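This report refers to the structure that appears directly beneath it.
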Ligand SMILES: Nc1nc2c(c(=O)[nH]1)N[C@H]1C(S)=C(S)[C@@H](COP(=O)(O)O)O[C@H]1N2
Ligand SMILES: [Mo]
């Protein structure tokens, strides 16, 4: 019998050790992901390492990633962590070929980095260590088993008689050894796929069920119909929850149950207190139309949404606790360990910031912070919109620093006046004749006075504004344009109600939000 027969694809046997170990690692990660789905989604090995990478990434690199990949940055990060781990496992497999104990020990160590990462999470508990341990245990056992099968196959390859005494069940020829290896590989692949799929299903950020929100004590009139019924392609006046942008550092959407949840107001206060979800709902509820904006939004970018929020005034909560005179910062904490700093002033003045529990007539979706979040009119989300809120700590800016502050973002970040062209889209082609130019403009806490549009080097033309839902809400706008064939550039700029004109010069989103006019180019045929 020719010796080469058992070598599939003529590949060197060493590669099998690398691939087998990587496969065992993938299966182990799948098992860890499944276990995490059952006990604690954020502690899934790959995700725990990913979260640690996010927190450790310098701000400029993070900004670059957001600019390059947008909200795909998370899948790309997770993919990179997974590929890196598989490559390392492959390398370890080569070591394990000749030095089995060392190789398996290295593999166990690799898995244990995820235990370390889970431990580093700001809110980790003992339960978060279980998925990493499961990964390490399964990985070492599976790799040991699979590499044993390879040894057996290889031994027979060198000496066809040797396989017979490699184990009690080892029988038959090299072909059956090979079949056994392939079955084992398929099995490990199936474990990897099943584990990650089931784990994902278990940890999906579904909408909370079984929650009924009270009516607002001060209900708002129904929001007027927006321009979206007449201007095709313009942002809806109210952003549906399912289309609302999502920005946070969480790799798994936290699923917080109202049962164990509570909100604590403490720190530099006279009367610290903790309330349950039901107690929060029993407080006077108000409704507010507020447009939320992310500081990372580029000029013309998508990280903005407008909703009707239902909640309790932060002012009421903080007055009940009695913030001591020296405190200038409320450091809010989320269930997954995020810290966000907001000026006491912004949470107690008459802008009426909210601890929101409802969004557009529904309980907050999990991805937007269920059971409760902060919504502060006029401030970018990273300094006023804490999701999965659980604690508001009165303190000073001198004493404590929040997550983004430590990463050099602005401490005080009021939303800058901005305007965006929604339709036509950049690089669109349209037929000559009437083209509707439309979009949104916002200047939370100041309000929009006027929006102007310029075609090429022409004069600024005043656009027609859509309905008004208050200074904290965006305004839709449109201008009918008689478009002539050719390439044209369209620009927009807004003026706020204080008379301030949106500046032309572009700035980067870091550290306090992007400035500049939104300009697009379209072709008219
Ligand atoms: N717990 C938590 N809350 C958070 C964040 C976060 O990373 N974690 N990101 C903030 C940022 S940067 C923004 S812009 C808003 C976005 O809220 P949304 O995802 O509901 O649109 O949430 C804020 N609240
Ligand atoms: Mo943000």
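Here the Cβ of each residue, glycine as well, is placed from N, Cα and C on the backbone.
Note that TrEMBL annotation is computational and uncurated.
What TrEMBL lists as transmembrane segment is 21-39 (among others). Beyond its flanks by at least six residues, the transmembrane segment (21-39) meets 45-47, 82, 85-87, 89-90, 92-93, 96, 103, 107, 110-111, 114, 127, 130-132, 134-136, 138-139, 142-143, 146-147, 185, 188-189, 191-196, 198-203 of its own chain at Cβ-Cβ distances under 8 Å.
The transmembrane segment annotation in TrEMBL covers 76-95 (among others).
TrEMBL lists 102-120 (among others) with the feature transmembrane segment.
Note on the transmembrane segment (132-150): residues 13, 16-17, 20-21, 23-25, 27-29, 31-32, 35, 43, 45, 48, 93, 96-97, 100, 103-104, 107-108, 110-112, 114-118, 177, 180-181, 184-185, 188, 191 of its chain, located 6 or more positions outside it, place their CB under 8 angstroms from a CB of the stretch. Under the heading transmembrane segment, TrEMBL lists 132-150 (among others).
Feature annotation from TrEMBL assigns transmembrane segment to 181-199 (among others).
Residues or ranges marked as domain 'Oxidoreductase molybdopterin-binding' in TrEMBL: 252-400. Summarising model confidence by region, the domain 'Oxidoreductase molybdopterin-binding' (252-400) averages a pLDDT of 96.
Sequence-distant contacts of the transmembrane segment (181-199), counting only residues of its own chain at least 6 positions beyond either end whose CB sits under 8 Å from a CB of the stretch, comprise 16, 19-20, 23-24, 26-27, 29-37, 41, 44, 142, 145-146, 149-150, 153. Sequence-distant contacts of the transmembrane segment (76-95) (same chain, six or more residues past either end, CB-CB distance under 8 Å): 14, 17-22, 24-26, 29, 46-47, 49-50, 53-54, 65, 69, 102-103, 106-107, 110, 143, 147, 251. Counting same-chain residues at least six beyond the ends of the transmembrane segment (102-120), those with a Cβ under 8 angstroms from any Cβ of the stretch are 21, 24-25, 28, 32, 42-43, 45-46, 48-49, 51-52, 85, 88-89, 92-93, 95-96, 128-129, 131-133, 135-136, 139-140, 143-144, 147. Helix, strand and coil content of the domain 'Oxidoreductase molybdopterin-binding' (252-400), in residues and according to DSSP, is 24 helix, 60 strand, 65 coil.
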